[in-house]
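Novice: Shown below is the structure under consideration.
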Amino acid sequence: LFHDCFANGCDASILIDPLSNQSAEKEAGPNISVRGFEVIDDIKKELEAKCPKTVSCADIVALGTRDAVRISGGPAYEVPTGRRDSLVSNREEADNNLPGPDIPIPKLTSEFLSRGFTPEEMVVLLAGGHSIGKVRCIFIEPDATPMDPGYQASISKLCDGPNRDTGFVNMDEHNPNV
């Protein structure tokens, strides 16, 4: 949800595939590790078969995020519906508007405040959203903080050598499918 909303609003533009003459948000650097597009496609197909032109992809993304938070032990919360889907997707919007992993905290806070988020909401979005699923190997610095030796060995096995640029590691080794 964050990757969709931060670029150009919560409009499902991250789901749009690139065209032969135009790149799309899903190709942007910060979105390279975003996955699950096919799940949204499957849900949309089922909904269209039962109630055509009723539920937007933007609402599916928002509701799916809410459900994923709840299933993984987070709080339940209401999600207003009625979002409209974008008809365009722009890689540059995502590249220019999604904060990178090395942005200084004051700048990051300013970016979130400018979009109406509190510092607390920023922490929830970044820490919560980046503690489940998978992470690209290039973002892992095994020597940065003390780590369980067994987990560090499995990370090294998955990320060393040619896998450094393309490999992925589960954020939670005990619940890899969360």
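First residue shown is number 1, and so on along the chain.
Quick reminder: no glycine exception, Cβ is built from N, Cα and C everywhere.
Got these off TrEMBL a minute ago, pasting:
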DOMAIN    1-178  domain 'Plant heme peroxidase family profile'
ACT_SITE  His3  active site, proton acceptor
BINDING   Asp4, Gly9, Asp11, Ser13, Glu25  Ca(2+) 1 binding site
DISULFID  Cys5-Cys10  disulfide bond
BINDING   Pro99  substrate binding site
BINDING   His130  heme b binding site
DISULFID  Cys137-Cys159  disulfide bond
BINDING   Asp172  Ca(2+) 2 binding site
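Map these features onto the structure and tell me what's around them.
Specialist: The Cβ neighbour count for His3 (active site, proton acceptor), using a 10 Å radius and every protein chain shown, is 18. According to its DSSP assignment, His3 (active site, proton acceptor) is helical.
Mapped onto three states, the DSSP output places Gly9 (Ca(2+) 1 binding site) in coil. Sequence-distant neighbours of Gly9 (Ca(2+) 1 binding site): residues of the same chain at least 6 apart with a C-beta under 8 Å from its C-beta are Ser86.
Counting only same-chain residues six or more apart in sequence, none has a Cβ lying under 8 angstroms from the Cβ of Cys5 (disulfide bond).
Secondary structure from DSSP puts Pro99 (substrate binding site) in coil. Within 10 Å of the C-beta of Pro99 (substrate binding site) there are 17 other C-beta atoms, taking all protein chains into account.
Cβ environment of Cys159 (disulfide bond): Cys137, Ile140, Gly167, Val169 lie under 8 Å away, each six or more residues apart in the same chain. According to DSSP, Cys159 (disulfide bond) is assigned to a helical segment.
For Asp172 (Ca(2+) 2 binding site), other Cβ atoms within 10 Å of its Cβ number 13.
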Novice: Measure from the Cβ of Glu25 (Ca(2+) 1 binding site) and count the other Cβ atoms within 10 Å, all protein chains considered.
Specialist: 29
Novice: Taking the Cβ of Asp11 (Ca(2+) 1 binding site) as the reference point, list residues of the same chain whose Cβ is under 8 angstroms away and which are at least six residues distant in sequence.
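Specialist: Listed in sequence order, they are Asp4, Ala58, Arg83, Arg84, Asp85, Ser86.
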Novice: How many Å lie between the Cα of Ser13 (Ca(2+) 1 binding site) and the Cα of Pro99 (substrate binding site)?
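Specialist: Here the two Cα atoms are 17 Å apart.
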Novice: Sort the recorded positions His3, Cys10, Pro99 by C-alpha distance from Glu25 (Ca(2+) 1 binding site) and give me just the closest.
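Specialist: Closest by Cα: His3.
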Novice: Please report the Cα separation of Pro99 (substrate binding site) and Asp172 (Ca(2+) 2 binding site) in Å, rounded to an integer.
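Specialist: Given the Cα positions, Pro99 (substrate binding site) is 23 Å from Asp172 (Ca(2+) 2 binding site).
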